[in-house]
Amino acid sequence: MQPGSRTVLAAQRIDALASIDIDLTHLSRWRTLVEMLRSLLIALSQNSTLRKVMESSSPGRRVSGRFVAGTSVADALRVTRELNAQGFAVTADSLGESVQSENEARAAADIYHQLLDAIAAEGMNANVSVKLTGVGMDVSPELAESTTGGIVQHAAQLGNFVRIDMEGTPYTEATIALTERLHAAYPRAVGTVLQAYLYRTAEDTARLLRQGIRIRLCKGAYKEPGNLAFPQKSDVDANYVKLMQMMLPSGVFCGIATHDAAMVAATEQFAKEHGIAHSAFEFQMLFGVQRELQRDLLKRGFGVRVYLPFGTDWYPYFMRRLAERPANVLFLMKNLFRS
């Protein structure tokens with residue numbers, strides 16, 4: 001190679017490296033912007049003024065329909081019928097912030113009783129998901145056990161099922177312990193949720209599987225300190241796969257709750273390699289999120305259950321969905337000002 005050619009080649013390499021550096025700089029700036037937007041959306045989810053504007057306006061209610069079935073039991077039933085007709089199972093969740101009185105807690109529980117009766121009357125492929133703070137946990141644990149126990153008993157009488165949702169770590173042990181007590185009384189009617197980002201979850205998974213308690217496995221969405229939760233996504237993903245591999249061969253029906261294509265692929269591969277039937281588990285996904293993936297899994301013979309939220313307190317939930325994927329903000333802006 002001639003000296004001049006080497007000089008040109010070196011210059012080209014320098015230009016290429018500079019281009020990579022510029023691309024990485026742009027990527028870093030983009031990630032920073034996304035994180036700032038995500039933090040802003042989470043902060044706005046707690047803004048009472050914006051909440052009132054959104055929940056009381058027709059444009060606000062319109063855009064919420066991407067992720068929320070509507071404001072009433074009738075809305076939830078209507079969308080459940082539509083999803084069932086497409087082949088999806090449903091778990092319905094009545095949205096609500098932490099209730100602060102016994103009357104509020106019992107009113108929230110009544111909504112679930114209405115739902116269970118309507119599901120049974122129409123023979124829908126649907127169950128319900130309940131957050132303990134929504135039925136009185138912050139008033140008293142005894143109240144939450146009373147309201148939740150009543151819902152589970154009702155579900156058992158109808159041959160249905162209640163999923164007790166998991167919330168932040170202050171509620172983790174209480175949620176698991178209550179699930180265990182209710183499962184002892186109604187073994188086919190109740191299960192709970194475990195979060196892969198918590199260090200404790202491997203032990204909790206083994207604990208619940210020993211008792212035959214059905215688990216929904218998710219990654220976890222609450223902000224938790226580093227001494228309780230894996231800080232890196234790669235560690236959460238690795239733990240998710242580990243937990244999935246504990247659950248699938250256990251003989252206890254489980255819900256694999258994820259929108260992550262890599263986690264879906266890992267689950268499919270593990271099930272195939274170990275001869276685990278599709279009937280041993282189901283994928284669970286949020287209403288309005290990864291709809292193409294939901295339809296694809298259904299077409300390929302997997303069970304898919306859609307988590308269907310509804311209620312008048314939809315604003316915080318809606319904003320958290322936007323924060324999870326800031327590209328959804330484009331959807332918001334496009335539809336919020338549509339005539």
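Here the Cβ of each residue, glycine as well, is placed from N, Cα and C on the backbone.
All annotation found in TrEMBL is predicted automatically rather than curated by experts.
Database features, via TrEMBL:
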- 77-332: domain 'Proline dehydrogenase' (DOMAIN)
- K131, R320, R321: substrate binding site (BINDING)
- M166, Q195, K219, G220, A221, K233, T258, H259: FAD binding site (BINDING)
Neighbour-count leader, CB within 10 A, binding-site residues: R320, R321: R321
Q195 (FAD binding site) in three-state DSSP notation: strand
Closest of G220, A221, T258, H259 to R320 (substrate binding site), Cα positions, binding-site residues only: A221
R321 (substrate binding site) and G220 (FAD binding site), distance between Cα atoms, whole Å: 13
Taking residues K131, R320, R321, which bind substrate in the record, the widest Cα spacing (Å, whole number): 18
Cβ-Cβ neighbours of K233 (FAD binding site) (radius 10 Å): 11
